[in-house]
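Notes for the one structure printed next.
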Amino acid sequence: MEAENLTELSKFLLLGLSDDPELQPVLFGLFLSMYLVTVLGNLLIILAVSSDSHLHTPMYFFLSNLSFVDICFISTTVPKMLVNIQARSKDISYMGCLTQVYFLMMFAGMDTFLLAVMAYDRFVAICHPLHYTVIMNPCLCGLLVLASWFIIFWFSLVHILLMKRLTFSTVTEIPHFFCEPAQVLKVACSNTLLNNIVLYVATALLGVFPVAGILFSYSQIVSSLMRMSSTEGKYKAFSTCGSHLCVVSLFYGTGLGVYLSSAVTHSSQSSSMASVMYAMVTPMLNPFIYSLRNKDVKGALERLLSRADSCP
């Protein structure tokens, strides 16, 4: 078959986490439960923020956007994996795989941007409290989110258009439970040098710049807190950052774990297990971190649930 025709009838086989047939029902139940908890938890955050006027502030506006992105992020991979487990199949079409790659890059990139924007919001709130409402006005908040979507849309589009130029064999095995971009490039039949360069550049830009923004924001926050004389004031100011710091640590910690597991061990199974933490556990824990550590969110959720209970 001609090389340029390889992708016309090609499909990918997602090898998943285990070939043990007795383990498949356990994996199905576990991942279905995690998926439902993630969607429900993040949906409750969105509903609480939108329905409670006390939470109509920039911090919670960004939090509701983060919850929306987390729902989309986990929905890109888990439903297909559940269908494959239930159908005892490993197939995913060529276009289905590229679609997964595109949306994975988009929503992962949006996570990094939103975490950076939320760090900037905390920086303005603590370091410039008198000008907070002026600086973090609704127009700027909306512009920051729209700009993030615009940038990540084009980065993802460029990467997927370059990937469409690649050729694959008619049946290609991917040692993963979803079409992870780096794994897809590894199994391509054609030269992937340009794709890898673009992927590394995009990872650097979408990873380094948001991390640099987060580190700068918190360096200024710490510097401002050190100048405060009141211990109670320091604790109250920094407590507003606690949930965000936990989410940042979880997100980048699991992402670093995926990178190290693939770079150091070269084991597809360990890389897949690390990706479970990154792609499933992190979006699932985010709403719990914000609701358990934040009195305003807990109060809004209680009011939301009480209104739901009072409805006939």
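Including glycine, each Cβ sits where the backbone N, Cα and C put it.
Long-range Cβ contacts of the transmembrane segment (26-49) within its own chain (Cβ-Cβ under 8 Å, at least 6 residues beyond either end) map to 16-18, 55-56, 60-61, 63-64, 67-68, 70-71, 74-75, 78-79, 81-82, 85-86, 280-281, 283-284, 286-288, 290-291, 297, 300-301, 303-304. Positions annotated as transmembrane segment by TrEMBL: 26-49 (among others).
The domain 'G-protein coupled receptors family 1 profile' annotation in TrEMBL covers 41-290.
Outside the transmembrane segment (61-82), and at least 6 residues removed from its termini, the chain residues within Cβ reach (under 8 Å) are 14, 16, 28, 31-32, 34-35, 38-39, 42-43, 45-46, 49-50, 92, 96, 100, 103-104, 107-108, 110-111, 114-115, 117-118, 121, 141, 145, 177-178, 247, 279-280, 282-284, 286-287, 290, 297. If you look up TrEMBL, you'll see 61-82 (among others) marked as transmembrane segment.
For 102-120 (among others), the entry in TrEMBL reads transmembrane segment.
The transmembrane segment feature in TrEMBL is assigned to 140-162 (among others).
Taken from TrEMBL, the feature transmembrane segment applies to 197-216 (among others). Using a Cβ-Cβ cut-off under 8 Å and counting only residues 6 or more beyond its ends in the same chain, the transmembrane segment (197-216) has close neighbours at 105, 109, 112-113, 115-116, 119-120, 152, 155, 158-159, 162, 181-182, 185, 248, 252.
Here TrEMBL flags 237-260 (among others) as transmembrane segment.
Per TrEMBL, transmembrane segment is recorded for 272-292 (among others).
Within the chain carrying the transmembrane segment (237-260), a Cβ under 8 angstroms from the stretch's Cβ atoms is held by residues 59, 66, 111-112, 115, 118-119, 122, 125-126, 211, 214, 218, 221, 224-225, 228, 271, 274-275, 277-278, 281-282, 285-286, 289-290, 293-294, all 6 or more beyond its ends. On the 0 to 100 pLDDT scale, the domain 'G-protein coupled receptors family 1 profile' (41-290) averages 85 in the predicted structure.
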